[in-house]
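Undergrad: Could you have a look at this structure, given as structure tokens, before my questions?
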Amino acid sequence: MVDAMNQEWWKKASDVVNAFHKEKAAIPSNAQRAREDLKENIAFLRTYLEFNYNLCDKVVFSGSAYEDLNISGDNIEFDVMLIAQRSNFLYLTECNNGVCKIRSNSPFLNYPFDEDFNIDSEKYRSFFFGLIQKWSNMMMTHKKKSFTLVNHGVATQMNVNDEKGILWYQVDLVPCFEAKSSLISEEKFYCVPKPIPNQRLYWRLSYSIDETQIAKKLSNDAKKCIRIIKALFKLETNGLFTKFTSYHIKTSAFYLKERGNWPNEENLGRSIYDFLVFIKESLKNGELKHFFDRTINLLDKIEVSTEQLANTINGWLKNEQKFLTKFSSSIDANIKQLAIK
């Protein structure tokens, strides 16, 4: 299909995809104000954790809203890593497939240990939730803030409401330890309390800091491409791509960027076409490696037929008209007309 397309067609494709972005995939208008409110709240939380419990030496902001990857209509979502730097005392053991145990070289730290001084991730996660609950109650009393808290995987999810009590934005508050890779090594890793059934001592290695650094360095066009694919999969596929998450999409973009010559600086339509081709091939092969740990295949447990998803994308790419129609079917009538000219 690509060889048959001329410059005039690519210009049309770019116009249609840009219009789709404007209507379906733009950054939410209130995201910046949410970011400012979040930073104020986290400053209070850091003070609370650092000076009362010595459990926050460093804060790292991430998540789709912080990385400019949220789309209009989505909940505004942030991740915040609350890092206790303990590499002088903690080291990793039994690392495999992105999970590990954290062991202390000192019995005098006040953490939930087993008999071998491994930190119990499940107990620590519950302990951390309790601390956030106490802080939240103080914020509602003294700062008149409106929060609700829920357990959310490794994180405590904080739902922040506006003045009318309506959900404004969500934050995953992630407790994290910085630990050495082994007792004799100075290499440092970040670990978060991943819930694994019947394996409460295991933690997940986190690469959120590296991911955020790469995401923030992506060009505006690359971020636009990610938002467009997110909107396409979310809004135009009747839920078929629910299991192919925004994390899969962002990882695909990292690989395309690593290859070079992406995104196409002159034509957004071509960038999106190349993006879809990469995702289709990954799904067809049933393989999308974790960008920072390539022993992990992110499609291993996707719980949906990757072949079906690949065939669906292939249908969009079969010819020029199908590609244009996929982006114009739900938007302004003028753009629909442009797509069929």
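FYI, residue positions are counted from 1 along the chain as it appears here.
The backbone N, Cα and C atoms fix where each Cβ goes, and this holds for glycine too.
When I checked Swiss-Prot for this same protein, it listed these features:
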- SER64, GLU77, PHE78, ASP79, LYS230, SER246, TYR247, HIS248, ILE249, LYS250: ATP binding site (BINDING)
- GLU77, ASP79, ASP172: Mg(2+) binding site (BINDING)
- ASP172: GTP binding site (BINDING)
- GLU258: Mn(2+) binding site (BINDING)
Undergrad: Starting from the Cβ centroid of GLU77, ASP79, ASP172, which together make up the recorded Mg(2+) site, report each further residue of the same chain whose Cβ lies within 8 Å of that point, ordered by sequence.
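TA: Output for this site, in sequence order: SER62, GLY63, SER64, PHE78, VAL80, ALA155, GLN157, GLN170, VAL171, VAL174.
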Undergrad: If you compare CA-to-CA distances from ASP172 (Mg(2+) binding site) to each of the binding-site residues LYS230, TYR247, GLU258, which comes out shortest?
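TA: Comparing Cα positions, the candidate nearest ASP172 (Mg(2+) binding site) turns out to be TYR247.
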Undergrad: Does anything in the same chain, at least 6 positions from TYR247 (ATP binding site), have a Cβ under 8 Å from its Cβ, and if so what?
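TA: Once residues fewer than 6 apart are set aside, TYR247 (ATP binding site) is near LEU298.
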Undergrad: Output, ordered by sequence, the same-chain residues six or more apart from PHE78 (ATP binding site) with a CB under 8 Å from its CB, or 'none'.
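TA: PHE78 (ATP binding site) has long-range Cβ partners ALA34, ARG35, LEU38, PHE61, SER62, GLY63, ALA65, TYR66, TYR169, GLN170, VAL171, ASP172.
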Undergrad: List only the single closest residue to SER64 (ATP binding site), chosen from the binding-site residues GLU77, ASP79, GLU258 by CA-CA distance.
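TA: Nearest candidate: GLU77.
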Undergrad: Inside 10 Å of the Cβ of ASP172 (Mg(2+) binding site), count up the other Cβ atoms and send me the figure.
TA: 18
Undergrad: Between GLU77, ASP79, which of the binding-site residues has the fewest other CB atoms within 10 angstroms in the structure shown?
TA: GLU77
Undergrad: Helix, strand or coil for the residue listed as 'Mn(2+) binding site'? Use DSSP.
TA: helix
